[in-house]
Amino acid sequence: MKKFILLAFMVVLSVAMAACGKDSDQAGKADADFPKKPITLIVPWSAGGGTDTGARLLQPYLEDELGVTVNVVNKTGGGGWVGWNELANAKSDGYTIGLANSPHIITGYMNPTLKRDKSLDDFVGLGMHVIDPDIIAIRKDENRFSTIEELVAYAKDNKLTVTATGEGTDEHLVILSFNKKYGTQLEAVHFDGAAESRAAVLGGHVDLLVANAGEVLSLYKDKEIKVLGVAASKRSEFMEDVPTFEESGFEIYQESSRGLIAPKGLDPEVLAKLQSALEKAVTNEEHIQKMADLGYGVNYENGEDYMDILKKDEEAVIDLKDLLGW
Amino acid sequence: MDTSIILQIVANLFTVQTLIALFVGVVGGIVIGALPGLSSTMAVALLVPITFGMEPVAGLVMLTAIYTSATYGGSLASILLHTPGTPASAATALDGYQLTQKGMAARAIGISTVSSMIGGFISGVALLFLAPPLAKLSLMFSAPEYFLLAIFGLTIIGSLSGASMVKGLASGVLGLLIGTIGIDIITGFPRYTFGNVSLESGISLVPALIGLFSLSQVFIMLEKKDGAKKEVVKQKLTKLLPNRADMKKTLPTILRSSGLGVLVGILPGAGGDVGSWVGYNEAKRFSKNKEEFGKGSIEGIAGSEAANNAVTGGALIPLMTLGIPGSSTTAVLLGGLMIQGLVPGNELFTANATISYAVIIGFIVANILMGIVGLFGAKYFIKALKVPPNILITVIIILCVLGSYAINNSMFDVYMMLFFGVLGYLMRKTGFSTAPVILGMILGPIAEKGLGQSLVMGQGHLVEFFFSRPISVVFMILIILALLSPFVLKLIQKRRRTVV
């Protein structure tokens, strides 16, 4: 009996292991009836976070367009680069695609101490999905300043602490840009994520909250915080009454964007199929509505334009290199 | 609240779908939690997509039920096999497994079940009635307090050290050193990563925990297998419900740990792993039977188990009121809330009050149901000990590999788990305790980050900054008391002896 159980166990195991093996025979060849098997979508952040939630909302619409299963796989670590490394090294047959976040993907290889051998050039853009501009907000009981003009005037003579989520993150770039262009004395306090940032400002431990608009939407609606400005060229559809920095006379533009990318070297036909499927999925009205309910502004751009936007993001980071000490 | 709302809440809660979801959540949570490596975070993450298609109340009740039940389930494997099912139940292994080896697994599971149930229940009640003030309290904690909380937590190492204080401290320092691996959040500099991208976010806690506790246990079990004598400890078939003496002994601990657990839970920077150690340590500090700890103390089990389940309800408080998750599992739960169109904040308790309160009451019911299922199921859980060692070992190894892979979908973590397994085995063979390593890995990064943030926040006046914050001052006093109290107690005892 014991032997039988062991034997059965071995059989099950070996079957399971066989099922895990990759079918690596049909390498990157042109594939007329692409796609014919499930596609892996690498999300380089953990399940339940903003990027992951957005990807999982998109997934069913992408599946409808492609006609195959799309598996969201979370590959976390290295500020996203564990996932992006794996994506860059994956076979470019269209069956492995991934989510990209800017500026994280860019600052990740611009930081010289990390010695990365990959860059934007290792990927091809499939299309942009979401854009979420950065905002600056203060507590509702802040009495030193109540507009962005007053804030900048105050911060020229006084030091203020500001939340950020790590070196070279979009929040950090906002802080550095203000310091560089307008002589403010903003000092970044780095937290693990927007949740801790919000708690630090609500509790009165840090002066200013810099975060993405989507991350503070409920606090804004509940009037727990006052949003002073949006770092975009047009107002956020979720905060119509908040002016852009540009309107207030400050040329600060910073957002965090998300889109889909694939390893370079895709067959043109496969690439075109993926791009058009993504366009239809992203621009689907129902999908846009669902994203808007969560405060995510859907912003479709095609693959080439998306890549151009990422290139511009790269230039912006290069501009701030000296302040980052890179 | 008028009666129509209450009726609406009851109607929301007692639908067939919700009740099934509740039951599935509790049973599924216990099973997933009991499997080493499959933590409550992963359980919730796996099931969030399934809840998309469900009614909001049913889906969310299921997720919160899984959260608390998985936290409880983790203790079962801890007690029976010395393989903590979740990081939050590592502290339970210290005394729980000792009791199993003495043939008192049933007693240990009984205490653990009742403590978890009470801890979870109390946290649910706190969530129902005290959410707004507790959320405010959580906002009073920031970087300096986290730094001091972590330092306070590190004083626990002294009491975990067992026979040799030097070895205990060395283990703790090893844990702290391991905790420095990865990109420093303040400067963005990679430390001890050797150019390996997988090391940039640090060594994950779960693979290390599985290696140090579970795999090392497998190695020790393998050793015994060679001796032809089957060393199966005969388990006394006591009643599972703790007897009156045990209840009387542990009730103060359960209540204290429940309170501590809720407090740790509401803090965004600390979750069940921290909570269980704090609960364990305070159980020991206040106990009249300190010498029993580490050798099978039911107070130790109660201390960590009531605390880690109390963390669950506590962690839901800032999540629901402010959208700030109080633990890593609730961060995943946030995704589940958002997908249902439920945005945390005032709206949750006004426009969506009938859903929110139904979920909270469902969570309280889940804790009670979890206790009942646990008490009925315990005699079957104990049967795991009757499984022949060769099969049990195989199963545990498979689960170790599976669990450490699944946390980040990374083979690198599996290698880490193997490394820590060998390390843990060698440590245990040479009289080093593995628990301080885990504690150092959990608390070291919290302390370091907190200090780094405090340095910026204090703008160059660090000492004044710390002393200007009331909660910081309280923590500093607690730390000094924790460090001095053993010496003072010894002195008093000596005096008494000389006087008498």
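Each residue, glycine too, has its Cβ placed from N, Cα and C.
In TrEMBL, the feature transmembrane segment is placed on B:109-131, out of the ranges B:109-131, B:408-430. Same-chain residues lying 6 or more positions outside the transmembrane segment (B:471-492) and placing a CB less than 8 Å from one of its CB atoms are 140-141, 144-145, 148-149, 151-152, 155, 158, 285.
Over the domain 'DUF112' (B:19-439) the predicted model carries a mean pLDDT of 89. Contacts between the transmembrane segment (B:137-157) and the transmembrane segment (B:434-451): present, as 3 or more C-beta pairs lie under 8 angstroms, all at sequence separation of six or more. Remark: the transmembrane segment (B:434-451) contacts the transmembrane segment (B:169-189), by the rule of 3 or more CB pairs under 8 A.
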